[in-house]
Amino acid sequence: MSIYKISVSTGRQVCAETTDSIYLMLLNSKNQSSKKTLVDQSFISTFEKEIYFDILVKKDLGDIVQVKLEKKNHLVNNPWFCKDIKVKTPSGKCFEFPCYCWLLNDNEVIIREGTARLPQDDTKKQRQYELESRQKIFRWNEWSPGFPESIDAKMGELPKDVQFDEEKDSDFKGNFFKAIQALTIDKVDGGSDSWKDISDFKKILAHYDIKNTLLENVMQDWNKDYMFGYQFLNGCNPVMIRKCMKLPDKFPVTHEMVKGCLKKGSTLQEELQAGNIYIVDYEILNGVPAASSERHLTAPICLLYKNELDQIVPIAIQLSQTPGEMSPIFLPRDNKYDWMLAKMWVRSSDFLVHQLVTHLLKTHLLSEVFEMAMYRQLSAVHPVYKLLMPHVRFTIAINAAARKMLIGEDGVFIKVSSINGAGMGKLIQNAMKTLTYESLCFPEDIKARGMEDVPKYYYRDDGMMIWEAIHCFVSAVIKTYYHSDKAVQKDVEIQEFVKDVACFGMNNSDNFPKSLSSREQLVEYLTAVIFTASAQHAAVNFGQFDWYGWIPNSPSTMRKPPPQQKGQVDLKYIMESLPDRECSSSALGTVWALSQTQKNELYLGTYPDMYFTEKPAKEAIKTFQHNLDEVTNIIKSRNEKLTLGYCYLSPDKIPNSVAI
């Protein structure tokens, strides 16, 4: 008799135990197998344990290449989560079988030995069967016209393996319950009434701890021009600003208008040529219908100037895309209420574009497209599947929740903003026309916007360090498994993965590659995928309470139309324009809940679920973690010297995936 020593682990999942019967069988490369063995019932009904047992076979099976797990229901179906299985052969060889999946109902799962393999070096039939099975579960669906495609399943219908685990589900629901609780406390008679004064917005912050936070600084200086400009660099939406070398015809700012804002003796044309003028243009909002006659939106343009203090400050604002008598250009020298309201309109427009384009479309929805393509086209033993798995955790689940709770017909976003379902569809369609693969490649995006040398652009500085760390990590992994560019070209799964993203997920977009021909291209592509899901999402998500918690700084809606003349605005008009009491409370609760991380969050480079079994890949992970630690220390040292520290791209604060 030959003895195979087995260990089975359930991992960290809450409710991973079961009272059903679990059977295990070993298979070798010749498809010879051991007898079906019942796993110890006392183990599988206990949480977070590892069990060791022996399987005796009459004839030595040699190397084990597969393990078959089978679950048999008793009276009630109890799902069971398997983390991994390890097998030690009679000759002393050890084989690892990463599983990380749920067994449901009366079903079986075949787990392959964990060595990563490219499809050209593996059994085609087995991989084909695996992918065909997955494609039946992960089906593309157009949730709304013009949106990227997503999973064809609602929140309660998702495959068990992509649902929130119990811990995440509890955290997510708990945070929204706290937000709703605070909203209920804040509800007073006259919820649809305007606030009387700017300071009244403090009342809805009474239930939140804001001491020694960035929000305190925002509340203090929100109306100052330096704070307004700073947010385009390091606020929630640091991707709109670009260098302006020539003014567009639709924005006829003259030197006479802005000369008081420029360096003494300098002309506007000279400052443009010197690279000190920047522009933020919300043309993407042009033609987007407002939610109702009581909610308004527009498509402003804002000109900014890098002054002698290296501050980015606004010098001109036009509240439409069409210049003329009915669309004046507002200036810092105008009366304080005209200028205050003009800046509020820009910030409100920025809020809408940030939430629906920068945040929802370019991190959440794109990450789901990559995740769907991964499940549909990459075998579990593909090295890229193993590489991407930690970076798709909970993304399909959070997006399904968002479609129901946030952006659906009865969602929070429609209740607190100037955009309804039709407007949202139009805005996403506008954004999809301009969305390119290159814009996901961080260094290229910075260069395209001419933002390489603007000072105090911490989003750029930190993002470049993170991009480089991810790029080095991905490069080390890819070079471990692909020994030439030809190996990439011959990898049918990778080619189908990239094609699926462009042709199905992105609605046959010409702006995304449909194939890859070199290792360098593959490394950049995967770096963009991981960066988008981790760093980019962190940069545009976790500052929401900091920057949107003070409602006048970024109004979620405007209740009066933009002024068409100067000198006709007073504080009363402004208060009647800003969100009412109930809308303010709802917006505040939402941005607070969306800014929270999970209690046991997995931050960038933290991989407790080890999909790779080979030493070179594990060493690459260690190097990646070391590099990230160095970046964390650099950012921490810099922030200690700043009044407004920028920490959204500190690796110890970047979750691995889009999960909130």
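Residue positions begin at 1 at the first shown residue.
The backbone N, Cα and C atoms fix where each Cβ goes, and this holds for glycine too.
Note: TrEMBL annotation is automatic and uncurated.
As recorded in TrEMBL:
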BINDING   His359, His364, His537, Ile660  Fe cation binding site
DOMAIN    2-117  domain 'PLAT'
DOMAIN    113-660  domain 'Lipoxygenase'
SITE      Trp102  site 'Essential for stabilizing binding to COTL1'
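All features noted in TrEMBL, drawn onto the structure.
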| residue | record | contacts (Cβ under 8 Å, 6+ apart) |
| --- | --- | --- |
| Trp102 | site 'Essential for stabilizing binding to COTL1' | Pro79, Trp80, Phe81, Cys82, Lys160, Asp161 |
| His359 | Fe cation binding site | Cys236, His537, Val540, Asn541 |
| His364 | Fe cation binding site | Thr395, Ile398, Asn399, Ala402, His537, Val658 |
| Ile660 | Fe cation binding site | Phe172, Ile398, Asn541, Leu594, Gln596, Thr597, Gln598 |
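Shown for the domain 'PLAT' (2-117): DSSP residue counts in helix, strand and coil, namely 4 helix, 60 strand, 52 coil.
The Fe cation site is set by His359, His364, His537, Ile660; from the centre of their CB atoms, other residues of the chain with a CB within 8 Å are Leu360, Thr363, Ser367, Ile398, Val540, Asn541, Leu594, Val658. His537 (Fe cation binding site) is surrounded by 25 other CB atoms, counting those within 10 A of its CB over all protein chains shown.
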